[in-house]
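Below you'll find the structure, written out as structure tokens, and then a few comments.
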């Protein structure tokens with residue numbers, strides 16, 4: 001199958017733990033060559049020991065012989081006592097350090113010591129037990145990577161599984177109906193990274209619901225103006241309210257839903273399309289295509305039947321007929337607004353005739369007043385008229 005190597009290392013944040021004594025560990029999402037994704041937890045002292053080992057193994061690249069030849073990134077030594085502030089402020093440095101490690105020559109970035117360090121350990125799978133009086137506090141890195149914005153522990157949202165889910169890859173997590181999970185990350189792809197007391201992994205958002213009541217604020221309102229996207233993978237519709245598209249087609253997204261199935265518009269046609277197969281222009285297509293291979297499109301929420309689910313009591317979803325009508329109405333208004341001159345002025349009367357409230361118009365329009373003519377003149381014309389007066 002080929003050599004084992006790491007594609008990417010992403011810092012998710014850090015945890016404050018209290019067993020056996022108070023300490024901090026960093027959370028890393030490690031993406032391997034087989035497209036699997038694993039979450040590992042490492043102390044900074046461990047990371048620094050790896051750093052020293054790499055410098056000993058590669059003295060030329062560490063700059064020990066000639067400082068000008070150094071390509072191994074710098075990493076500050078741990079302090080005598082690392083508190084929360086130091087742990088927090090070090091996240092930017094660790095992110096840059098891991099990115100630099102992955103860009104080093106293969107003999108370093110794929111050396112056995114580095115690969116073994118980021119492999120999953122038994123401790124990575126051992127979650128806190130109910131007997132612990134104080135549970136870990138999880139701090140996540142914001143999306144904009146401005147770690148200075150972290151001011152306190154992130155309270156993870158708790159959800160419940162509404163149906164059984166069988167995982168199809170090592171990075172996913174199986175669920176049974178009624179399982180309670182904490183959501184670490186909500187991805188627009190419709191896959192959420194969750195954890196329980198015994199396991200972690202990616203779960204389709206369509207299988208999850210809030211514990212108490214429907215979260216009305218989760219799904220935003222439709223935006224019929226639309227956002228431009230491009231398809232990065234072809235999809236053939238399996239239901240009548242979906243859209244079939246080829247790779248490379250330009251479309252507009254008018255409604256982003258959390259289950260990963262967005263309502264898109266192609267000309268005057270609207271329908272559901274998997275968000276994993278869409279990409280904004282200028283973004284990294286290769287990374288998105290790797291996610292498609294590792295997880296694929298999640299199931300739609302409407303395809304999971306559970307009469308007891310609180311989704312049945314939540315806000316009723318719009319039908320495709322409603323999407324089409326509202327979208328066509330918006331497009332007509334946009335086209336009318338783009339027409340020049342007399343056609344734009346005639347639009348209100350056309351709308352009156354359509355609504356049955358048209359009023360008879362005089363055959364000859366009234367002559368505009370001198371003040372109105374002067375108001376419509378350009379500044380240069382106004383100055384010329386003023387000089388003549």
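Using the three backbone atoms N, Cα and C, a Cβ is placed for every residue, glycine included.
Note that TrEMBL annotation is computational and uncurated.
According to TrEMBL, the features are:
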type	residues	note
DOMAIN	4-125	domain 'PX'
DOMAIN	154-213	domain 'SH3'
DOMAIN	224-283	domain 'SH3'
REGION	284-389	region 'Disordered'
COMPBIAS	308-317	compositional bias 'Basic residues'
COMPBIAS	373-389	compositional bias 'Basic and acidic residues'
Rounded mean pLDDT within the domain 'SH3' (224-283) lands at 89
Which residue counts does DSSP yield for the domain 'PX' (4-125) in the helix, strand and coil classes, in that order? 49 helix, 28 strand, 45 coil
